[in-house]
Amino acid sequence: MSSQTKFKKDKEIIAEYEAQIKEIRTQLVEQFKCLEQQSESRLQLLQDLQEFFRRKAEIELEYSRSLEKLAERFSSKIRSSREHQFKKDQYLLSPVNCWYLVLHQTRRESRDHATLNDIFMNNVIVRLSQISEDVIRLFKKSKEIGLQMHEELLKVTNELYTVMKTYHMYHAESISAESKLKEAEKQEEKQFNKSGDLSMNLLRHEDRPQRRSSVKKIEKMKEKRQAKYSENKLKCTKARNDYLLNLAATNAAISKYYIHDVSDLIDCCDLGFHASLARTFRTYLSAEYNLETSRHEGLDVIENAVDNLDSRSDKHTVMDMCNQVFCPPLKFEFQPHMGDEVCQVSAQQPVQTELLMRYHQLQSRLATLKIENEEVRKTLDATMQTLQDMLTVEDFDVSDAFQHSRSTESVKSAASETYMSKINIAKRRANQQETEMFYFTKFKEYVNGSNLITKLQAKHDLLKQTLGEGERAECGTTRPPCLPPKPQKMRRPRPLSVYSHKLFNGSMEAFIKDSGQAIPLVVESCIRYINLYGLQQQGIFRVPGSQVEVNDIKNSFERGEDPLVDDQNERDINSVAGVLKLYFRGLENPLFPKERFQDLISTIKLENPAERVHQIQQILVTLPRVVIVVMRYLFAFLNHLSQYSDENMMDPYNLAICFGPTLMHIPDGQDPVSCQAHINEVIKTIIIHHEAIFPSPRELEGPVYEKCMAGGEEYCDSPHSEPGAIDEVDHDNGTEPHTSDEEVEQIEAIAKFDYMGRSPRELSFKKGASLLLYHRASEDWWEGRHNGVDGLIPHQYIVVQDMDDAFSDSLSQKADSEASSGPLLDDKASSKNDLQSPTEHISDYGFGGVMGRVRLRSDGAAIPRRRSGGDTHSPPRGLGPSIDTPPRAAACPSSPHKIPLTRGRIESPEKRRMATFGSAGSINYPDKKALSEGHSMRSTCGSTRHSSLGDHKSLEAEALAEDIEKTMSTALHELRELERQNTVKQAPDVVLDTLEPLKNPPGPVSSEPASPLHTIVIRDPDAAMRRSSSSSTEMMTTFKPALSARLAGAQLRPPPMRPVRPVVQHRSSSSSSSGVGSPAVTPTEKMFPNSSADKSGTM
């Protein structure tokens, strides 16, 4: 019964143990499930974050593009607007500046959001992807380690189970042995008790041995059981000890796993997860914070610009920007009628009483008006202050609308209901408009009153001065002298040329061969015109011109004329460009032959630009040389034009689109749509790499396109040559000495009066300013420099410093006298003059035309023609500047590239100044007496002021006098011949006619040389010119302005008109109004003047 109970207890213990082990196994499995679930939740989180940032990056990119489009929309809108021009001219108004900064901030935000998109896509999302990979990898590693730990833990529990069963078994055996031992002891005790009672009384003597053997058996059995018990007890003790030790170890292992190992296992799963995620989020925060910082920086710039909004500064900027519009005009001058010389208010006795009464009435009226106007001004100031208070109310703070709290909606609604409500807005607008209306009413009243006060005050002051009511201001300073009239510029038509081959719709090669023009006239002239006026024309060659004007220009070219040679005849740039395209489009044989079409198109397959350029060069080198010369000229021009693509919007590709169909015709059988893109690419390549494709001038002679062209038609005569001088052009390559650029001296002058220039070409200066003079642009103008700026300086507003006082005073008096009385000479002399500009025939009034006959060098410069076989002297100073250095006044402000250079030679302003200074003027002796006296004065002059101008200091006065005498004789003869032929009366000069007539007796006939071509007329034979007899490169001395003798002691009147800048005359090889004819010069001779002697001439 006891064993059965014991057996049940063993089963219960084992069942309880097994239940406990099963529970542990279940826990271990659930642990892995929990860790796996945690890992999956992290992966899902990371995946959601990646998707979120990917979508946010797309939104940021879309937002960036939207901002860029928004900014570009308005930027392109204002790029060609007036505000953009203001910005370029550094006249930026403060509101426009704020607008530009807002656009700039928009672009900045666009770039920042694009950067944010890049950070999200290439940084944050990549980091999250890496963290996801780390989570999966760490969970797998942790799971492997966890499984190993679970196996170890289960192994320990299995060992404990085994030891426990062993312990139970040995303990059961020990208990069994113990019970047997106790039973044996009881039998032994019972046996001893029986044997003790019977031994004395009952047992017989013969029964004692039998009882002794029974006792021995019991003792032996007891000993045996005792031994068995001891053995089982020892085994049970050992088993119990093992069981207890294993039990402690198992409990310790389970405790360690649950307390430490599970935590460490979770740490392994979390290894670096939070740190990596934190770095990722910090990257996101850094990007957002930097975006916010960038935004704040941009907003700070805008805020600074808003703080600098200044109406007064903008007002000054607008007035400075449009100074020609807002500057005060010239004062109205008294215009005497029919010789009336009284120019002041007369206060003689018949009108003195009336003037005095009028004076007192004005005085009373002015006092009343001033009081009334002062009250109006005070009211105006108060109204302005009220209006400013209304306009400067601080209603711009909307921070309440961005309060993120539960009461946000109530705050927003409260804000909207108070200030920005429709009722309040309407009320404030009504008050503002009412105040503005009152302000403008008072302003109008104030302006009208102040205008009236100004007019009455002027009358009052003049009457006060006339009536002698106050101290009369002493006239301590003189007024500026009258400036000369603007010389008239007259177009001289180009000589007609007749060719046997058509210019348009013909063969270009045949025309070039027939005409001798290396570049057809229409190509050269159109390109020159566009170079001067159209490089910045937006959409040139793409925007069509007027068809009527295109046809007109075309017809002129077909007649052999050049309609673009005269800059005064303004032509539409797009029409000129259309004529150029029309010429190439109408050629019988396209510029690129159809036979080479496939070869040129095949070059597009070459990806390497160098190989493509080389292949195109090999194809074009097979074309005729005349065609290559034209191609080289045209594509050099197109490349130059493309350099202004920022302004004209015509880059090489756009030009190729315009010129592709014109220059390359698609052969029959080819698909125009597919071929056109290839044609455009070929033309674009040639435009970009034209220097590498076409041969250089050394390899192929012919005209070369120059980026800097002169402003007029380039003929091969000197600026001072007369019509017909081209007949005597010497084509030999002589080496005559001529005035060099380095042999010219600069002249300093001091401003005698203030002068404000009316155009960019005229310099503005103050009285007493130091001026640097280059050369004489005309009778009345100098080319000079002031404050580092080159321009025109009026002669009568300055005092030349480095001249001899007596000579300059005498010469200036004569020049001033002639400038004032030139047109008022006797009618008989005037009737002999033509109705033409004084600048039309320079040689009519001086010997510059005769001495200006030149021989042309290969570089296009003018070399003075030798007058005698053995004369090697330099020409007199009357010789004009060479073709290389035309007058500076030729520059036209309509194009920044229209600079006065010929043949493309780019020189510094100093060299051009020094080159032109040597030709300060030409001398005109009206008769032989003046000639002889002038000759004697010039030959006896011993001044060495300009002794440093050259190294040729051994000239003999006799040889120079002989040269001058021959020149004077020729000039006088031609002058008389021209006067005999001219029969039309000269047009009167409106300005000079208003001056007082010259009181001296009429002198010889002479027109006023108001020309920038350096001609100075000397009518008085006593007024001679100084020159150095020791220099072969002497120049005209300059003049000091002096008042005419007839005006001595009299108060000078203000100038009747403001100074006018000289206009450069277009030089021409022939004159329609001249009596001296010359044969027509072909364009080839104009382009290559030394083609017969030197073939290296360039355009």
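Even glycines carry a Cβ here, placed using N, Cα and C.
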Candidate annotated in Swiss-Prot as phosphoserine, out of SER718, SER759, SER837, SER1011: SER837
Neighbourhood of ARG542 (site 'Arginine finger') by C-beta distance under 8 A, where only residues 6 or more apart in the same chain count: MET650, ASN654, ILE657, CYS658
Summary of DSSP states over the domain 'SH3' (744-803), given as helix, strand and coil counts: 3 helix, 30 strand, 27 coil
Per-residue pLDDT averaged over the domain 'Rho-GAP' (506-694), given as an integer: 90
